Every structure is written in structure tokens, then in C-alpha cells.
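The following features are taken from TrEMBL:
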TRANSMEM  21-42  transmembrane segment
TRANSMEM  62-86  transmembrane segment
TRANSMEM  121-142  transmembrane segment
TRANSMEM  173-194  transmembrane segment
TRANSMEM  206-231  transmembrane segment
TRANSMEM  237-264  transmembrane segment
Amino acid sequence: MLGKLMTYELRALWKPAAIMLAIMVVAGIAGTACLGATRAISEVSWGTYGSLAAPTAGNATVVLFMGALFCAFLVWAAVVAFYVFSSMRFYRTLFTDEGYLALTLPVPTGTLVMAKFWVSYLALAAFALMALLAYTLMALAVSGGDIDAVTGVASMMGGWFAFAADGDGASALLGYGNMLVTCAYALSLAYGSLTLGAWWARRHKVAAAVGVYLGVGWALSLVFSIAGVLVMSGDTIFWDFALGAVAVVQMLMNLAVAVGSLALSTHLIRTKVDLS
């Protein structure tokens, strides 16, 4: 039954996913081309014509670099748009008039919630990996093909790991792992917040859910931001080890919040949602 429900969810999500993916691909290619052209113009202007061509080349590189920044924003915006769409689909199909049809299906509530989660999570993780690939190609273009750009971009996804690691292959793997955990955390927290808002708030349910989401997210971010800053500004000899420990604890906390949010959503939907 889980497979059938996941297939149904996939049919509902593939069209918006395809649109967002097309935007990401076009923006990634355009951004890579802009940064590649920026480097080429800089090399040609200084290598052939010297400082005489510098003003014209400078204006061109500014325009191209701004175009690359806009393309990078479009890549990120496509990921966020899909994330918001999948989260609001969870709300629409469970807590509006459509929810009556979904919740009266002869399947366990946990199976229904997990089907929605797994399809959305796998798609969101794929989008995040595609975005990381686009940013890596942009970094390679502007760096002239420096292979360190690959591990550098990936390690930046590791949170505090990016400060504690050396930008090598291990830190890149940690970046990928933290990104996948973050996708699960963000999606599960959205599900939990929407469920709490639908159950607890009498009016403005979505606004209440947004408040819960921002409150929990900012609280966790503040705690680990303070912990990381204290480690970096302290007199700890093995500060890189301590900062890595902070990153590990944060990753484990994100996993715990993800599991807890899904369990809370399942419990509230099964016991508290009124179908009358």
C-alpha cells in the first residue's frame, strides 16, 4: 500500500517538479556561462591589451557577474519553491476538504504520512543535489577548472563542518550528508508545524504553522550558532575538534526533530483531526 500511495503522490508532484527542474537547469547553464565569460574576458583584457581595455572589461565582467548571481538565486529559488509546494500539498490534502477523502482511505495514518514524506523528501534531496551541482559548475567556471572548487562547494554545505574541516574529500562527504539531513529536517518540521497549526489554531491555521516553524527553527539555529561562536572564540586548543562535535550534535538534533515531527504529525492526524 505504501508503494501505491507513493505512486499517487509522485503523479501529483512530477509536473511542478519538472518545471522547477527546467528552471534550475537553464539557470545553472546560464550562470556557468556568465562566470566562464567573466574569467575569459578578464584574462584576454589584461593579457593582450593591458590596462587600456580594463575599464571596458570591468564593465562587462560586472554585468556578467551580476547575471551569474541572479542565476544562482534562481537555482536556490527553484528548490525553495518545490519545498513550499510539497509542504502546502501536505496541508491541502490532509486538512482541507480534500483531507476527508484521504483520511477515510482504509490505510494506516502512518503509511499515509510516510508516503507523502518519502516522495517529497527524495525529490527535495534530488533538487538539493542538482543545485549543488549547478553551484559546483559555476565555481569551476570562475576558478578555471580548479578541482578544489568541487570539494570546496560541497564542504560549505556542512554547516560548522565547513570551518572545522580542510576542504578535502572527507569534508565534502560531510557536506553532502548534512545537506541530506537538513532536507529531512526542514520537510518534517514543516509537516509537524502544519499539523499543529491545523489542530491548534481556530483561525489563520497556516499563519500559526509558520509561527511554529520559524520559532522552532530559529531557536535551534540560535542555540548552535552561540555554541559554535563560543568554541571559535574560546581558548580551546583543539577548537576544530570541538567545532566538529558541535556540528555532529546539531546534525543529530536535526534528525531527532525530523523523526519527532513525523511522529507528532501521525499521532495528531490519527487522534485529533475531526472528520465531521
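From the backbone N, Cα and C atoms, a Cβ is placed for every residue, glycine too.
Fair warning: this is a prediction, and the values are worked out from it, not measured in the lab.
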| message | Are there residues at least six beyond either end of the transmembrane segment (21-42) with Cβ under 8 Å to its Cβ atoms? List them, or say none. | response | 57, 60-61, 64-65, 67-68, 71-72, 74-75, 78-79, 127, 130-131, 133-134, 137-138, 140-142, 144
| note | Among 121-142, 206-231, 237-264, the most Cβ pairs under 8 Å with the transmembrane segment (62-86) come from 121-142
| task | For the transmembrane segment (121-142), could you work out the same-chain residues 6 or more beyond its ends whose Cβ comes under 8 Å from its Cβ atoms? | result | 13, 17, 20-21, 24-25, 27-28, 31-33, 35-36, 38-39, 68, 71-72, 75-76, 78-79, 82-83, 86, 149-150, 152-154, 157, 176, 179-180, 183-184, 186-187
